[in-house]
Structure formats: C-alpha cells, structure tokens
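The next block holds one structure in the form of structure tokens; read it before the comments.
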Amino acid sequence: MKNFLLLTRPFENGIIVRDHICCFLSEFFGTGMLLFFGCMGCVYYEVNKYNQWLSALNFGLVVLIVVQCFGCCSGAHLNPVITIAAWIYNMLSAFAASLYILAQFTGAYCGYALLHLLLPSSLCTPNFCMTTLRVDITIWQAIGIEFCTTVALVWVTCAVWDPRNVRMQDSAAIRIGLTISALALAAGPLTGASMNPARSLAPAIWHNSYDHHWIYWLSPIMAGIFAASFYRVVFRREVDSADINNPKLEAIQIP
C-alpha cells in the first residue's frame with residue numbers, strides 16, 4: 001500500500017520510477033490472474049457441471065488471492081472503475097491512474113489468452129466466460145443492474161480506503177472477495193455481473209463478439225464516478241492528526 005500511495009506524487013524523486021513499474025506489473029499480473037483463474041472456474045465439465053454458485057464463489061476467492069498478493073504493491077484494483085474511483089478519491093495522480101488502466105486491460109487479455117492456450121479446445125465453448133445479458137432482460141434493466149452492482153462494489157472499496165478503517169486493513173482481501181461473490185450471485189444470472197470493463201473486454205476481443213458490450217463500459221464507469229464522488233463528499237471523514245501520525249498507520253495515510 002505504501003508504494004501505491006507514493007504514486008500521488010508521480011515525479012517527486014528517482015525512486016518513483018521503480019514504484020511505477022512495481023504498480024504496473026502488480027496490476028498486469030493481478031488482472032491476468034483474475035481472468036485466468038476466474039474464467040477457469042467457469043469451465044464446463046461433464047462430471048462437475050458449471051453453475052452460478054461455483055462461478056461466483058470462485059471469482060470472489062480469486063479476487064481474495066490477488067488482493068492478498070498485490071494489495072501492498074498497487075492496491076490491487078484489477079478494475080479500471082476502481083482506479084477511476086481512487087483518482088476521484090485523491091489516492092492516485094492522473095498519470096498513475098493511466099498506467100493502472102493500461103496494465104489492467106493488457107493483463108486481462110493476456111490472462112484470458114493464456115487460459116485458452118492451456119485448455120483443450122473441447123472445454124472452450126463458444127463465447128466462453130463472456131458477460132452476456134439474459135434473453136428477457138431489457139437494455140435499460142441491464143444498465144440499471146450493472147450500475148447498482150458497481151456502485152455497491154465502489155462503496156465497499158471506498159469504505160476500505162476510509163481513514164476511519166485504518167486499523168482494519170488486514171481483512172481487506174476477505175471483504176473485497178466476499179463482496180464480489182455476493183454481487184456475482186445476485187446479478188450474474190442477469191447480466192454476468194461484470195462491474196469491470198477490462199474483465200468484459202478481454203473475452204469480447206478474443207471471440208470478436210460485442211453484442212451489448214457498450215453496457216459493460218457505460219454503466220460501470222458512470223457508477224464508479226457517481227459512487228466515489230458521493231462517498232467522498234457525504235460519507236468520508238478524516239481521522240485526528242494524532243491517529244494519522246501513529247507509526248502503525250503510516251502505510252495507509254490519505255493525502
């Protein structure tokens with residue numbers, strides 16, 4: 001987390017270049033792992049047939065693993081929407097946010113491509129692991145569902161960043177992972193519960209299939225901007241300076 005917060009001062013000294021590289025690689029490999037292991041849990045097996053419960057739980061647990069691995073390096077956003085929220089929340093510079101987003105999209109595609117290379121073709125069904133709409137869901141319903149689920153995700157993330165939560169960071173990976181599982185269980189059967197343009201774009205590019213794909217950009221980005229701005233203005237509170245200066249809390253100070 002300390003490297004992550006240094007990026008609010010992108011050109012302060014020479015060591016920041018190493019921090020940028022660290023964060024870029026963390027987001028690249030983290031988002032790659034999300035697509036690789038998350039979509040691996042969506043594989044259809046004759047013995048162990050795919051179902052929504054297993055998929056939602058799997059994605060949440062994969063997020064838990066990645067946050068535990070890379071949360072201390074880059075914050076483990078794994079999602080351009082979370083990065084936009086961090087920028088609105090004054091935790092990232094615009095330059096650093098751009099690096100994060102580039103790493104997330106390239107990592108997502110590489111992770112999904114690697115999975116296809118390692119799986120037998122018999123297991124990679126058409127449109128494998130793509131986020132798609134249920135046939136009886138209207139466009140406006142899909143926009144609303146993706147918007148609401150993304151707002152919930154961003155609010156949980158903002159609460160983790162909240163200075164009042166400074167002493168409860170050890171469980172951040174569990175909280176974020178279970179949030180993803182809960183939202184995927186609720187909205188997965190309806191829209192795929194993407195909440196993440198990078199997660200939706202990688203399979204879409206691989207399969208050259210973009211039906212209703214714009215929804216997975218419009219709704220999450222609008223939700224991220226709204227949720228982060230609302231939380232920052234209405235819910236966020238600063239802690240006392242004595243708490244901020246506590247050495248035990250140094251790693252997650254908010255500038």
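Quick reminder: no glycine exception, Cβ is built from N, Cα and C everywhere.
Features reported for this protein in TrEMBL:
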{"type": "TRANSMEM", "residues": "21-47", "note": "transmembrane segment"}
{"type": "TRANSMEM", "residues": "59-87", "note": "transmembrane segment"}
{"type": "TRANSMEM", "residues": "99-119", "note": "transmembrane segment"}
{"type": "TRANSMEM", "residues": "139-161", "note": "transmembrane segment"}
{"type": "TRANSMEM", "residues": "173-194", "note": "transmembrane segment"}
{"type": "TRANSMEM", "residues": "214-234", "note": "transmembrane segment"}
Chain residues outside the transmembrane segment (173-194) and at least six past its termini with a C-beta under 8 angstroms from it: 52-53, 55-57, 59-65, 67-68, 71, 130-134, 137, 141-142, 145-146, 149, 152-153, 156-157, 160, 200, 215-216, 220
Positions whose Cβ lies under 8 angstroms from the transmembrane segment (21-47), at least six residues beyond its ends: 3-4, 7, 54-55, 58-59, 62-63, 65-66, 69-70, 73-74, 76-79, 96, 99-100, 102-112, 114-115, 119, 123, 125, 128-129, 198-199, 202-203
Close approaches to the transmembrane segment (139-161) from elsewhere in its chain (Cβ under 8 angstroms; 6 or more beyond its ends): 81-82, 85-86, 89, 91, 133, 169, 172, 175-176, 179-180, 183, 186-187, 190-191, 193-195, 212, 215-216, 218-220, 222-224, 226-228, 231-232, 235-236, 252, 254
